[in-house]
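**Student:** After the C-alpha cells below, expect a handful of questions from me.
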C-alpha cells in the first residue's frame with residue numbers, strides 16, 4: 001500500500017519523524033485524524049498522548065510508541081538529523097505541493113520581503129530548505145525546463161511541478177541558505193566583546209611564554225614532510241600579508257577544524273569557540289605554536305577558563321542593568337526583613353561568644369567534678385580508717401575473751417582458792433555476777449585481764465583483796481542484765 005506524500009510543512013515534519021522511527025505505515029492514520037502538528041505531539045501530556053496513540057491505532061503496540069517517542073525527542077533536541085531545521089514560521093498551512101505558476105515567490109514569501117524581514121525584525125530567521133534537503137532537484141543553467149522534484153519515488157503520480165530557474169530559486173540552495181549545519185556560518189564566531197577579552201588575556205600571557213627558535217622550527221618542518229606541506233607556507237609569509245592571519249586561524253583551530261570529522265548539525269559551544277579564538281591569537285603572537293598543538297591546546301584552555309568567567313559575569317551584569325532588574329544570582333531582599341548578609345558578622349560574633357561561654361562553663365564543671373571526686377576519696381579513706389579501728393577493737397575484744405576461763409569467770413586457780421576458803425568467806429563466781437552482753441574498751445579490757453590474774457594469784461584466801469577486785473569488776477560493767485540461770 002502506497003503511503004500518501006506530505007502536502008504541508010507540518011505533514012513533512014511528521015513524515016520525517018515517522019520515517020526516522022520506521023513507522024511510515026501510520027502516516028495516513030495521523031493525517032486522517034488531523035495529526036499534522038508535530039509540536040502538539042511534543043507538548044502533549046501523558047493522557048493526551050495515549051489518546052492520540054489510540055486514535056491512530058498505535059496504543060496496542062507499545063514498542064511502536066517507544067520508537068515514536070524516541071524520534072520525537074531526537075527531533076526536539078537535534079532537528080538537523082531530520083534535515084528539517086526548526087523555524088519560527090507556522091508548521092502548517094505552508095503549501096509545498098504546488099507553487100503558483102509564474103510567481104517569483106517561494107513558500108508564499110517574497111524574496112524581497114524576506115530580506116527586509118530578516119534584516120529588521122528577525123535577523124536569525126532561516127527559510128526552511130525543505131525542497132533543497134528532501135527532494136531531488138534538476139535545474140537547467142539558463143534554460144527553461146520543467147523538472148520533477150520527487151519526495152520519495154520518481155514514479156509516484158503526485159509530483160511537484162518545477163518552474164523557471166530564476167535567481168531567487170538558485171538562492172535557495174543549501175550553501176546559500178546559511179543552514180545550521182554549515183561550519184562557516186556567521187554564528188560560529190565569538191562576538192566582538194568576547195574576542196577583545198581573549199586578545200587582552202593573550203597580551204598579558206605573551207611575555208610569560210618561552211621564545212621559540214626559528215631554526216628549530218625549520219628543522220622540525222624539514223624532518224616532518226606532512227607538517228611542512230600543511231603549514232610550511234605560513235612561515236614563509238610576511239607579517240603584512242593579509243592572508244597570513246586567515247591561514248593561521250584555519251590551521252590553529254582546536255575544535256571544528258576543516259579536516260575534522262564533526263557530525264553534521266552540531267554547533268560549537270561557547271567554550272569551543274573561545275578556545276579556537278585563543279589558539280588563533282596565541283599562534284599570531286608565536287607562529288611556532290602551530291607545530292606544538294598539545295602545548296597550544298593547554299594554553300588556549302587556560303585563556304578560555306579566565307575569559308569565559310569574566311566575560312559571562314560582565315555580560316550578565318550588563319544585561320541586568322539594561323533591564324533594570326536584579327541579578328538572578330543576587331538575593332532579593334523584601335521590605336521589612338533584615339539584611340542577612342549584614343547580620344552574618346553579628347551572628348558569627350554571637351556564636352563565638354557562646355562558644356567561649358560554654359568553654360568557661362565546661363572548665364568550671366571540670367573543677368567541680370574534681371572537688372567532688374576528692375571529697376569522695378577523702379570520705380572513702382575515712383571510712384576505711386574507721387573500719388580498721390573497728391576491726392582492731394573487735395580483735396582486742398576477742399583476744400581478751402580468749403584469755404579468760406572457758407566458763408567465762410576468773411581463772412581456775414581462783415576457783416580453787418575459793419574452794420579452800422571458809423564457806424562464810426566464799427563469794428559467788430564472776431560468771432554469776434557478770435552479764436552476758438557488755439562492751440569493753442580495748443585498753444581497759446587488757447588492763448582488767450592482767451589485774452585479774454595478778455589478784456587471783458597473789459591474794460588467795462585474803463579477804464581484803466576482794467573489795468578491790470570487786471571494784472575493778474564493777475568499773476568494767478557498762479550494761480547490766482539478769483544473771484544466767486545456768
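The backbone N, Cα and C atoms fix where each Cβ goes, and this holds for glycine too.
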**Student:** Can you identify, from 357-397, 398-438, the stretch that Swiss-Prot calls region 'Disordered'?
**Tutor:** 398-438
**Student:** Quick one: sort out which of 132-159, 160-187, 188-215 is the region 'Disordered' according to Swiss-Prot.
**Tutor:** 160-187
**Student:** Helix, strand or coil at residue 372 (SUMO2 cross-link), per DSSP?
**Tutor:** helix
**Student:** When the pLDDT values for the region 'Necessary for nuclear localization' (306-337) are averaged, what is the result?
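**Tutor:** Across the residues of the region 'Necessary for nuclear localization' (306-337) the model's pLDDT averages 54 on the 0 to 100 scale.
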**Student:** Express the distance between the Cα positions of residue 372 (SUMO2 cross-link) and residue 354 (SUMO2 cross-link) as a whole number of Å.
**Tutor:** 27
**Student:** Sequence gap of 6 or more, C-beta under 8 Å: which same-chain residues meet both conditions with respect to residue 354 (SUMO2 cross-link)?
**Tutor:** none
**Student:** What are the non-local neighbours of residue 368 (SUMO2 cross-link), defined as same-chain residues 6+ apart in sequence with CB under 8 A from its CB?
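**Tutor:** Spatial neighbours, sequence-distant, of residue 368 (SUMO2 cross-link): none.
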